[in-house]
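A.B. asks: I am attaching a structure below and will ask some questions about it afterwards.
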Amino acid sequence: MAFVDEAKFFVKAGDGGNGCVSFRREKFVPKGGPNGGDGGKGGDVIMVASSKVQSLIDFRYRSHFKAERGVHGQGRDMHGRGGKDCYMDIPVGSVVKDSETGRVLADLSEEGEEFVVAQGGSGGMGNPHFSSGSNRTPRVATKGKLGEEKWLLIELKLMADVGLVGLPNAGKSTLLSKLSAANPKVADYPFTTLEPQLGMLHFPMRNSCIIADIPGLVEGAHQGVGLGHKFLRHVERTKILVHVIDASADDPFSDYDIIGNELRSYKEELADRAKILVLNKCDEFDFDKDLLPDFIEARGLEPKNVLFISAITGEGVDKLVKLIGDIIDDMEYQELKQKREEERLQDLKKQKEEERRQELKKQKEEEQAKDE
């Protein structure tokens, strides 16, 4: 199945039902009052983030989504039923934009998260609303309001914990297949991977994590060169970036700098993302490790986060798995620690507010006692 991470489509919320002009027609009641019902509200168009949907491919075959209009009001004070909402399942990690302005309307990054992308029109009012002392037989009702309609753009940003980045033919796809059960297309020529590939990395005694192989970036990718510009947004949500460098290349350090510059040019905060440097194909080339300390220091890397591996033979892959797991564990610990600190500060704030309220209450009671 093709991987589609961008789609344009049209949504139309339901129009409101019209109000009704009607009067009581009963035996022995020659001049019955108005009893026209109100129109029902039009249905909304609602987007729902669902893990069951992995791609936007369905939008290739259906580009228009419409909610049901509200039912018209009827006589005998019968109000119209509201129109049924139109629910759209989209992948978790989708960003919804206004197609014309490019303004971000929603970022659905949690399972089950919902967003009303188009509001249904309100129902029209029946003629009882227009009855008055001077007009007991109003022959007027209002029409329902039109539902919202608009063209929208969805961009999918993969919800991966780890992103594999590197120049074409650095060995990312082979590494992904070693790390997970994924089976990406692998060959010895650039741009074999034409779309992001996902794999699941399982740890003993830990939760699993998702790894994404981002298609080969090249110099100038953030400006539209090569294929990488189409997929740079998929690295935004990753917790860890694994830079896969071909150790047998003419200048592997330069290759690292190219990717680092592209990520930084696309979004500055990516420069501060947790990084692992993997020098791949160490079985094919005797790398001069004496050059490594100066490079690590100049780029601000942590020595323990620099590994030599061979994705083909599996050499060093176990160390990489352990390192990824350790970094994720540390991140989760720091997140939990921060959350608990925020809760502690919130509780302290509430405690001080309560003490202040009690103090004011006591002062008020003392003042009342003096007045008495």
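Each Cβ is built from the backbone N, Cα and C atoms, and glycine gets one as well.
Look at Swiss-Prot and you will find 1-159 tagged as domain 'Obg', backed by sequence analysis. If you look up Swiss-Prot, you'll see 121-141, 346-372 marked as region 'Disordered'. If you look up Swiss-Prot, you'll see 160-329 marked as domain 'OBG-type G', on the strength of sequence analysis. The GTP binding site annotation in Swiss-Prot covers 166-173, 191-195, 213-216, 280-283, 310-312, and the record cites sequence analysis as its basis. Positions annotated as Mg(2+) binding site by Swiss-Prot: SER173, THR193.
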A.B. asks: Could you please provide the mean pLDDT value for the domain 'OBG-type G' (160-329)?
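C.D. replies: Across the domain 'OBG-type G' (160-329), the average pLDDT comes out at 81.
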A.B. asks: C-alpha of SER173 (Mg(2+) binding site) to C-alpha of GLY166 (GTP binding site): distance in Å?
C.D. replies: 11
A.B. asks: Can you tell me which parts of the same chain pack against the region 'Disordered' (121-141), counting only residues 6+ beyond its ends and a CB-CB cutoff under 8 A?
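C.D. replies: Long-range Cβ neighbours of the region 'Disordered' (121-141): 13-23, 31, 33-42, 69-70, 73, 77, 79-80, 82, 147-148.
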A.B. asks: Per 10 Å Cβ neighbour count, which of the binding-site residues ASN169, SER173, SER310 ranks highest?
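C.D. replies: Highest number of other Cβ atoms within 10 Å: SER173.
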A.B. asks: What's the most sparsely packed of the binding-site residues LYS172, LYS281, counting other C-beta atoms within 10 A?
C.D. replies: LYS281
A.B. asks: What counts of helix, strand and coil residues does DSSP assign across the region 'Disordered' (346-372)?
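C.D. replies: Across the region 'Disordered' (346-372), DSSP assigns the residues as follows: 26 helix, 0 strand, 1 coil.
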